[in-house]
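Student: The structure under discussion is supplied below as structure tokens; questions concerning it will follow.
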Amino acid sequence: MEFHISVFLPLFVVKKQRNMEGSRKMEWVWEVMISGAEEQLTLVLGKMKASTIIVPLLDISMAICLIMSVMLFVERVYMAVVITIVKISGRKPDTRYQCQPIEQDLEQGNLAYPMVLVQVPMFNEREVYQLSIGAACRLSWPSDRFIVQVLDDSTDLAIKSMVEAECERWASQGINIKYEIRDNRNGYKAGALKEGLKRSYVKECDHVAIFDADFQPEPDFLQRTIPFLIHNPQIGLVQARWKFVNANECLMTRMQEMSLNYHFTVEQEVGSSTYAFFGFNGTAGVWRMAAIEEAGGWNDRTTVEDMDLAIRASLKGWKFVYVGALQVKNELPSTFKAYRYQQHRWSCGPANLFRKMLLEIIRNKKVTLWTKVHVIYSFFLVRKIIAHIVTFVFYCVVLPAAVLVPDYEIPKWGAVYIPTIITVLNAISTPRSIHLVVFWIVFENVMALHRTKGTFIGLLEVGRVNEWIVTEKLGDALKIKSIGNAAKVVKPAATNQRRFKFIDRFHFLELGFGFYLLLCGCYDLIYGKYHFFIYLLLQSIAFFVMGFGYVGTFVPSSST
């Protein structure tokens, strides 16, 4: 045994020495590569700093973004002050306007109640059509004093037959319900609503209530809204608040709830309390027929026909009332694809409408100068354009680029303090989700990418400016599919089908910005002095998560 050890020991020592020399060589090569990369990166960044183009361009971009940030900050603080005064003073709609309940009259009978048209527009709403039609038919109003009008633009013949059958079922129970279809989808929702108002039986209606296919008003909805229109002839619209039935479905719906709660709790309330003007939300509201007619009716020139009508009516002198205490149940988009389409429409449409109505608003002589300034500056410029652009361009493009330039001075008041205050003002509208505020920040910044893109498309009126894709509603479909799939044996999908679905989950725009922010975050981690890498790395993770499609609800395919 000793002989064998003495024989192989020298060979082992020689081999070990060679391995040590090899590892030293690899370490030396690795150090050379790292030092070389550092030298190259330092050289490139040094050139960027010395460049006569990069730094001045960054200075200009930074200045513009800071100005927009201040504009948004002032607007948010102003609304916070106003809403605080409104809450303290108790300026509720029922204290500012007459809204006594309709009293029964023995002589007039049901004629004391005005005739109301209830419009329910829908398009291939397989999952929710029964909920919306049922809720409309259950409204507590004399059955001979309201008409339910289902405007079905469905292209699926099976769904059309189901919707028609549902209407016939309610008609058999004594409800005055009309099932209306068109030969085309010209004008989309605006075209359907406009066509519905042309029916002969609508002429006897004084008011029209509108509910999208996923909205379920409580039975007392008309009892709580119509009195505002009866007792106040200057009011043309009464808008209710949205209540989200699926806010707890996933993290994405929680983030949407935070954003929309601010809109309804602050923006709509401030507009109603100070200017008697706000943007109609397209549903869960009641219009005076005379206001629609005087404003020129529904117009399909943009994808925000509701906002278009509201502005034209306000320019005619009509006042609006927002009743935040009245909530109507509805569904948030819970798939990322549906949410992206919705946000494109909600950002592209207002920007395009601003382009088309700016001169009309300026030239109008029926409203005060203060109202014009509010509509042009606050409503359109700051909230619908600047809010989207500065959120994405500043925090996802300019600020990360500034980190890459050595010794570039980034003002903390603009990069840290202002966004922190704005975030707090938004977050307090949803106290139950305060602990999710970090997720909300990075989520909103990713969605700002699509909102900014939509805003520029609307302003320039190019590309997908008039694209209208109906937001997909799931209703109880997810639960039904989950139960059904649990009872079935899952068959392996075909290779090409699986590959298509896998690739379809990728969103390359988000992935591209994810890599950009990751690079900036890593550089700031090594060389930075502001510690922005914490935000940059978190934001890059958010872009990656959404870029790979791991956000929102995943709906199982019916084929699996």
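Heads up, residue numbers simply count up from 1 along the chain you see.
In case you wondered, yes, glycine gets a Cβ from its N, Cα and C as well.
Taken from TrEMBL, the feature domain 'Glycosyltransferase 2-like' applies to 207-399. According to TrEMBL, the transmembrane segment annotation covers 53-74, 385-405, 417-443, 508-526, 532-555.
Distances, neighbours, how buried they are, the whole picture for these features please.
Tutor: Sequence-distant contacts of the transmembrane segment (385-405), counting only residues of its own chain at least 6 positions beyond either end whose CB sits under 8 Å from a CB of the stretch, comprise 45, 48-49, 54-55, 58, 61-62, 65-66, 68-69, 71-72, 347, 350-351, 354, 415, 419, 444-445, 448-449, 451-452, 454-455, 459, 513, 516-517, 520-521, 523-524, 528, 530, 532-533, 536, 539.
Outside the transmembrane segment (417-443), and at least 6 residues removed from its termini, the chain residues within Cβ reach (under 8 Å) are 69-70, 72-73, 76-77, 80, 251-252, 254-255, 257-259, 261-262, 265-266, 395, 538-539, 541-542, 546.
Outside the transmembrane segment (508-526) by six or more residues, the chain places 41, 396, 400-401, 403-404, 446, 449, 532-533, 536-537, 539-541, 543-544, 546-548 with a CB less than 8 A from a CB of the stretch.
Residues 249-253, 334-336, 339, 395-396, 399-400, 403, 410, 415, 438, 442-443, 445-446, 474, 477-478, 481, 505-511, 513-518, 520-522, 524-525 of the same chain, all 6+ positions outside the transmembrane segment (532-555), place their C-beta atoms under 8 angstroms from a C-beta of that stretch.
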